[in-house]
Amino acid sequence: MALRDVLLSIAQTPHRLRRRALVTWTPAQELNEVRDRSGARMKRRLEWYDLVGLGVGGMLGAGVFVTTGKVARDTAGPAVFASYVIAGVSALLSSFCYAEFSVRVPVAGGAFSYLRVTFGEFVGFFGGASILMEYVLSNAAVARSFTDYLASTFGVTEPNAWRIVVAGIAEGYNALDVPAVALIVLITVCLCYSTKESSMLNMVLTVFHLLFFAFIIVAGLWNGSARNLVRPHGLAPYGVRGILDGAAIVYFSYIGYDSASTMAEEIRDPARALPVGIAGSVLVVSALYCLMSVALCVMLPYTEITETAPFSSAFREKVGWRWARSVVGAGASIGIVASLLVAMLGQARYLCVIARARLVPSWLAKVHPSTGTPMNATIFLGFCTASLALFTELQIVFEMISIGTLLVFYLVANALIYHRYVKVGVNRPLHVLLFLLLLTLSSLGFSLSRKIDGWCRWGMALFGAISIAITAIFHCTARQDIAGPPSEWSVPLMPWPAAASVFLNVFLITTLKMRSYQRFSIWSLVIIVFYVCYGVHSTYSAEENDINAMIHHSNLDIS
């Protein structure tokens, strides 16, 4: 591109932003015109049970082993199971929103596609880039934890025993994790080969992991005592606030169910399989997490639970099963492999569809004609994940993992309400936008009231009542499904489930630490700069080329 063209593009940036930032695509365009940009199509080979397996495998990673002990000891006490219930309800409500969108727009773009067809190109790109960042960071973190759990399987307790510590590199980046990189490379090769075979491998790993969970639950309940749930300071020693704070921390264990929605293009019967697969996997995992936390707390009083390796420590101290450390290490290692397999499957499809929209280089959108997989996107993100896992102790950016995901889930819930009640060109969206704004503000007021001593209780009651009232008024005054005929499956009792999802996601976001907001703000700035400097110009130029091509073909037809 000549320098003159570059300068002209820069000068036209405000005009192009006005033209492109709010432009939306219809579901029909996403399903046909946009999907055709990948060349070959992804193969429809998956059934509903594949989706359930992918959802369960994606969530049953290391999260429950990392968060349960810490939350039980320091935040919620034996009532940690209630924290899992609250987090599970929030995840289930969000999964309903994803399920309806995935039926209406059965493409591989997940939240990116849902937000783009509702709020426009920029919001879609912001959501897609945020969730992609979450995938890469969390996958790298989980891959490094695989090394720890695998080492514990063989009785190795030194944290960096299987890593190469290099002198002269900054602390936090100097422990090179070769096993984590090898695992990522192996999974990347598997995902490039076939989606169906990857799903079958995940199913086998998930079955073994479920048996491992069953062992911990049965053995823990058998060897425990219900008295440990109420001693030494009662079931909820930290009160309701501790349970709510714990819900935000354990929510990390639920990240991954949205991966199932990115498989929409590869499902044989999307309308039936997607709701079952997405919501069903959340229900299964919620039940397992609650039982796991109860099993831990009945074995030991919460004050004696260790922060690191709580389950293996509980078996060793309470039951005398010293071999339990190896069992927990092996089971967690299997779960991590399944979790990584599903998460890397999802992240590649997110990037593939973002590339279809021409917001990143289009070669990332190509689907291999023989394997039917987005090979370029899979290899590129595998390289990025492996690079981070090799060098970086991800406690440095760990706080960012939850905030971006919760923000995207919040946006998807808003988008579902907007999509249900607004039909562009027929009715004005002002009343819907006003409802969403008031709902967000009242949810924010409720969440901030909890943080302020003195007026905490009446502030929470006031803003909670306001949230219920404005939702009830909107429910009575707005018409549903005016945006088109209802899909084969839709969220019942709208707008209440989506409004509750908005409320809970706002609440969980406000429980995060200030460092989370600071680091996510930097990432948000990177997203905006990339969109302004590359994305908007790429899509604008592509649009002009498409229009010119259409004019050229019209002229040929006339002549």
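Cβ coordinates come from backbone N, Cα and C, glycine included.
According to TrEMBL, the feature domain 'Cationic amino acid transporter C-terminal' maps to 489-538. Under the heading transmembrane segment, TrEMBL lists 48-67, 79-101, 113-137, 172-193, 200-223, 235-257, 278-303, 323-346, 396-418, 430-448, 455-474, 520-540 (among others).
Sequence-distant contacts of the transmembrane segment (323-346) (same chain, at least 6 residues past either end, Cβ-Cβ under 8 Å): 54-55, 57-62, 65, 110, 135, 138-139, 142-143, 145-146, 149-155, 183-184, 187-188, 190-191, 195, 198, 201-202, 205-206, 208-209, 212-213, 215-216, 256, 258-259, 262-263, 309, 311-312, 315-316, 378, 381-382, 385. Within the chain, the transmembrane segment (172-193) has long-range Cβ neighbours (under 8 A, six or more residues past its boundaries) at 139-140, 143-144, 146-147, 150, 160, 162-166, 201, 337, 340-341, 344-345, 348, 368, 371, 373, 375, 378-379, 382, 385-386, 389-393, 395-396. By the Cβ criterion (under 8 Å, sequence separation of 6 or more), the transmembrane segment (200-223) is in contact with the transmembrane segment (278-303), since 3+ such pairs are found.
Long-range contacts of the transmembrane segment (235-257) within its own chain (CB-CB distance under 8 A, at least 6 residues past either end) are made by residues 55, 58-59, 61, 63-64, 66-68, 70-71, 75-80, 82-84, 86-88, 90-91, 95, 98, 134, 138, 229, 278, 281-282, 285-286, 289, 302, 339, 342-343, 346, 401-402, 405-406, 450, 507-508, 511-512. For the transmembrane segment (278-303), the residues of the chain that approach it from at least six positions outside its boundaries are 51-52, 54-56, 58-60, 64, 68-69, 72-73, 77-78, 80-81, 83-85, 88, 91-92, 95-96, 98-99, 102, 210, 213, 216-217, 219-221, 223-226, 228-229, 231-232, 237, 250, 253-254, 257-258, 260-261, 310-311, 314-315, 317-319, judged by C-beta separation under 8 angstroms.
Residues of the same chain lying 6 or more positions beyond the ends of the transmembrane segment (430-448) and with a Cβ under 8 Å from any Cβ of it are 414, 417-418, 421-422, 459-460, 462-464, 466-467, 470-471, 474, 477-478, 499, 502-503, 506-507, 509-511.
With DSSP classes pooled into helix, strand and coil, the tally for the domain 'Cationic amino acid transporter C-terminal' (489-538) is 40 helix, 0 strand, 10 coil.
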